[in-house]
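**Q** Just dropping this structure here.
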C-alpha cells in the first residue's frame, strides 16, 4: 500500500509559461513536470510520490487556481498562482498528490494567460487500454443496400485509438468527392504521413511518451476499428486465406479522422485533448474502443467527460463495454449519454480441427494459418517432456518447463492455453492446449495450435495414455456456420451498472468475435506472442473493441438518413429496433446485451424515439448527489442550480431501456418520427405472478410528426427474488418500438 505523508511544495525556478491546456503531472523523486504535448510546460519542485486526494475547483482567475479536498479528513488548501509581472509560477501549500490532471480551456502569451472556463474535476491520469467480412452482411447491411452515399459522404467518424495505417486499402479515397466543407480539422499525422479524401484528418498525442510524434498505428488496434466502422470496399481480404471476402465498414462512403491517444497504453490527458479536438474539427460520430478495468465516477472519467462535451455539440459517442465479463458489475462504460456496446458472435465462426492417430477428429478454437500439409507428428504430453519441473507445472507447460530436445518435431499437449508460448519457445512443431475463460473465441496463434474444451482435452489425454506412438495433425483453420448466433461473448463486460444502478448497461450488443478488418503491417500479428514476426494487412481480432465500431457504423448509417437527429435520437433508434436476444441462452440476460443486437436497417425507421436533452442529464446528475458547482463545470453553465431544479428520480430519465426495483412507477416520453397520423398500442411481454407491470395510457395517438406523448410504467410485486426480464413494445402495426424492462430486488442475485 502506498505510504502517505504531506508534501511540501517549494518555489520553482523562473520560466516562461506558454499555452496551458491540460496539465498532466508525473511526480518524480525531485522534480514535478506538468505538460501536455507541445502546448505548455509548467515546472515545480517537490518531494516524493504520493497518493492523490480528489479535489474540486473553487475559484479560477487567470491562472490562479484554488482547490479544497472533497473529503473532510484532511482540511488542507492547495494553491497554484501565476504572477505575470516576472513570469514566475509560485506553488505553495501542502497536498497529498501523485498524478494530476487539470482540465481547462486556456490560451496565453509570454505576458499573460487567460482561461475560458473552469476545471471540471481533478483526477489521476490513469492509463486506459484498448479493449480488443461477414459481420455487416450478418447485420443485414449488405453491399447492395442503399448506402445513401450522397449524405453518408458528409459523415465524419472520429476514431480515438492507437492511430491508423493510412496506406491501407481500406482507407483508399477512390471514388470519393471533395472533403466536406464543414470539416475544420487538420492532417497532423507526423512525418511521412498523408491523408486523402477518405482519411481526412489525423492527430497524435504524446503525453509522457517521448519520440512518438506520429499518428501512424504500430499496434494495429486503431486501424482495425477505423476500417470496421467506415472502411472502403476491399475485395478478397483475408488472414492468410481465412475468412476471405470483401472487407468494408458499415458506411464505406463516410470519412474518417484518426486521433492517436494510445501507445503502450492510453493516457486520459490525451483522451480529453482528443475529444476536444474531434469536437472542434467537426466529427459527427466518435467511436472509442478503450477503457479501464472498472467503472469510474463520471466526473473523474475522461471518456464520460469528453463524451458529455460531444453530446452538447450534437455528437454521439460510441464506447466499448469492456472485456472483463466474467463477473457482474464489470461494465466500465456507464454514462447515459454514451452508447455502450457489448460483444456478440455472428453466424460465421472460425475453428481448427485436430485429427488423432486413432482416427478421431476434434473441433478446436484458434485462428491457425500454418499448414502441416497432412503430415502427422508425434504427440507428447507436457509432463513427459520436461527435465526440471514438477508434473503439475509441466502439464501446464509453464515457462521453462519443456525440454527443447524432447519436443522438437513434436506436437505438445498442454493443460493451459498459455502453454502455447512455451511450446513455441521450446521449438515444438505444434500445440494442443486447454481453452481459457474465452472458450467461445478463436484467437490468432503463432504456430500450429488449437484450444480444446475440457472434455475434448481428456480425449487427447486418454489417447496419449493408450499408446506409445501417439500422433496428431492440426489443420489450418476454416470457417463454420454458427447457427445459434448472435450470442454474447463470454468476455463481454456485464451489468448491473456499478455507478448508476437505474441506468441499464450495456445498451446494445454488436459483432465482436473473430472480426476480420484492416491491420497495421508493422504490428504484432498475435499480440500475446512477441516472437511472432509475421506481417499482415488484415487480421482477425475479438473484443468489445470490435463491437463498438460496428455500432458506430450503424449510428453513422442512421445519421446519413436523418442528418438532423440528435445523439439521443440516434441512440434510441438503435436500441428500440434491436433484435431481441434470447434470455434463456444468456444467464445474465439484459445485463449482458442491453436492448439486444443492433439492426442498422430498422434503426433508420424506428417509429418512435426517446429523446434526452441537456436538462434531463443535469437533473439526473443533481439527483445522484453531484454538487451544483461540479454540474456547472461539466456543462460549462453557471446558471445551473441543483437546489432550484424539480427533483426527479433517476428512473425518470427519458432512457430507451428501463431498469427498476419493484414497487416503482416511472415516466417516459416518446416522439413520433414515423407516420403523421398513427396510433400505438402498448404490450408488456412478461408479467408474472411475482411482478405485475402496467402502462398508462396503453394507447398513444399522434396527429403529426415530432409530436410528443408521455406515459407511465408501474411495477408492483412483493415476491421478486431474482431478476425478471420483460419488455414494453409500442406498435402501430408497422413499427415495433421495444424497450427492455429489467425488474430486480434491492439485493440482486444474478447467475454468474
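Count begins at 1; order follows the chain as displayed.
Keep in mind that glycine also has a Cβ here, set from the backbone N, Cα and C atoms.
TrEMBL does not curate its annotations; it predicts them automatically.
Just lifted these from TrEMBL, have a look:
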type: DOMAIN; residues: 153-596; note: domain 'Peptidase S8/S53'
type: ACT_SITE; residues: 161; note: active site, charge relay system
type: ACT_SITE; residues: 221; note: active site, charge relay system
type: ACT_SITE; residues: 545; note: active site, charge relay system
type: DOMAIN; residues: 652-743; note: domain 'Subtilisin-like protease fibronectin type-III'
**Q** To the nearest Å, how far is the Cα of residue 545 (active site, charge relay system) from the Cα of residue 221 (active site, charge relay system)?
**A** 8
**Q** Can you count helix, strand and coil residues in the domain 'Subtilisin-like protease fibronectin type-III' (652-743) using DSSP?
**A** 1 helix, 54 strand, 37 coil
**Q** Express the distance between the Cα positions of residue 161 (active site, charge relay system) and residue 221 (active site, charge relay system) as a whole number of Å.
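**A** Residue 161 (active site, charge relay system) to residue 221 (active site, charge relay system), Cα-Cα distance: 7 Å.
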**Q** For a quick check of packing: other C-beta atoms within 10 Å of the C-beta of residue 221 (active site, charge relay system), how many?
**A** 29
